[in-house]
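Marked as site 'Important for selectivity against geranylgeranyl diphosphate' by Swiss-Prot: TRP102. Swiss-Prot lists 123-164 with the feature repeat 'PFTB 1'. The annotation repeat 'PFTB 2' is assigned in Swiss-Prot to 174-215. Annotated repeat 'PFTB 3' per Swiss-Prot: 222-263, in sequence order. Sequence annotations record features per position, and here Swiss-Prot assigns (2E,6E)-farnesyl diphosphate binding site to HIS248, GLY249, GLY250, TYR251, ARG291, CYS292, ASN293, LYS294, TYR300, SER301, PHE302, TRP303 based on similarity to another entry. Taken from Swiss-Prot, the feature repeat 'PFTB 4' covers 270-312. Residues or ranges marked as Zn(2+) binding site in Swiss-Prot (evidence: similarity to another entry): ASP297, CYS299, HIS362. Per Swiss-Prot, repeat 'PFTB 5' is recorded for 332-374. For SER432, the entry in Swiss-Prot reads phosphoserine, with the evidence type a large-scale study or a structure entry.
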Amino acid sequence: MASSSSFTYYCPPSSSPVWSEPLYSLRPEHVRERLQDDSVETVTSIEQAKVEEKIQEVFSSYKFNHLVPRLILQREKHFHYLKRGLRQLTDAYECLDASRPWLCYWILHSLELLDEPIPQIVATDVCQFLELCQSPDGGFGGGPGQYPHLAPTYAAVNALCIIGTEEAYNVINREKLLQYLYSLKQPDGSFLMHVGGEVDVRSAYCAASVASLTNIITPDLFEGTAEWIARCQNWEGGIGGVPGMEAHGGYTFCGLAALVILKKERSLNLKSLLQWVTSRQMRFEGGFQGRCNKLVDGCYSFWQAGLLPLLHRALHAQGDPALSMSHWMFHQQALQEYILMCCQCPAGGLLDKPGKSRDFYHTCYCLSGLSIAQHFGSGAMLHDMVMGVPENVLQPTHPVYNIGPEKVIQATTHFLQKPVPGFEECEDEVTSDPATD
């Protein structure tokens, strides 16, 4: 960042220092962090103990097989797994037929984190495929000819912004997209996920994300949305899907990220939210759980850890003197160790936890969380912590949109040159990039 009074998310590539401290999870005393159920077993405690036992086996095996334990990100194996998936999927993915733009996004974002270029012919094929997924009524469906839905719309726009070419940007019909968002807007400020569908915080985030990236925010599009999201924060401190529901990592990320885009972070009790999310990092495993009393899951390496840069920036803007200017407010080393020791499939790809299968969803969000844990701040305040070998370093990701920071700047710069559909001159303040404010 430029100065201590201007905290940004942009982390340019740098020569990242490798953390040389002993592995946190392999300390002899670390076993004391395991669950103590005081001899009162519940279904929850039994399942937690099973997971901890599997993870203890991983830690012990790693320590036994490495005279000098060194964490290694299996970049080549992950690359080949992702490369194959972009061209052809097995019939096991038939259940995700309505999530095909998501598959494009998960794979493309994973590749950009690994700093693997996307061949032009592949980029063109993705653009042409996503164009087939775009509805004549605006927005994108889960596949060609399917009804539009905000979730695949978010995924498609992110994928196209990652490609970042004129061809990719031109796929997006901004006029129809704006009409589609208006068709989903509810009187209380919330959004439907699709016409006739459910309302929850995901839809508000997806709408705010695609609207801000493509410069289609109008003065009234998000009227009442920040207030509705604030009502979703519950007594725990996190955010539920709708007002009155249990706090959940995915919904909490969506809620806070949407408010960052709308410049309304102060609508929330930020200190309460901070306490909730930092309590979700597991003491023994090092990864994050999605809710209180749930199991660790690699995907929350992003959904939960990604909240901490957003909270750091919001609290910094309020002048909080207790904030570190070198570390996020979670155990970055422990999270990296969990991902690198427990979430890598030997054949490539990443997973939820030991014993689970790899998939593109967990590959994307484990790598995204690993990137968050490696990079803090930018410019003069840049502070990297890369566990293991130097080659483990990933490209940074923007914690609001979860694509490369430079891709956010490139897309917003491109679309800001175009007028908001229906407005000859519209310079609404929320169309600026949260990365550079």
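Placement of Cβ uses the backbone N, Cα and C atoms for every residue, glycine included.
What surrounds the Zn(2+) site, by Cβ distance within 8 Å of the Cβ centroid and not counting ASP297, CYS299, HIS362, is the set GLY298, TYR300, SER301, LEU351, ASP352, LYS353, TYR361, TYR365, CYS366 from the same chain. Every protein chain considered, the tally of other Cβ atoms within 10 Å of the Cβ of ASN293 ((2E,6E)-farnesyl diphosphate binding site) stands at 10.
Counting Cβ pairs under 8 Å to the repeat 'PFTB 4' (270-312), the stretch among 123-164, 174-215, 222-263, 332-374 with the most such contacts is 332-374. In this model, the repeat 'PFTB 2' (174-215) carries an average pLDDT of 98.
Checked against GLY250 ((2E,6E)-farnesyl diphosphate binding site) by C-alpha proximity, the recorded positions TRP102, CYS299, HIS362 yield CYS299 as the nearest. In this view, the densest Cβ surroundings among the binding-site residues TYR300, PHE302 belong to TYR300, judged by other Cβ atoms lying within 10 Å.
Residues listed for (2E,6E)-farnesyl diphosphate, HIS248, GLY249, GLY250, TYR251, ARG291, CYS292, ASN293, LYS294, TYR300, SER301, PHE302, TRP303, cover a largest CA to CA span of 19 Å. Of all Cβ atoms in the shown protein chains, 23 besides its own fall within 10 Å of the Cβ of HIS362 (Zn(2+) binding site).
Remote same-chain partners of the repeat 'PFTB 3' (222-263), defined as residues 6 or more beyond its termini with a Cβ less than 8 Å from a stretch Cβ, comprise 187-191, 199-202, 204-209, 211-212, 269, 272-277, 280, 288-292, 300, 302-304, 306-307, 310-311, 313-314, 399-401, 429-430, 434, 437.
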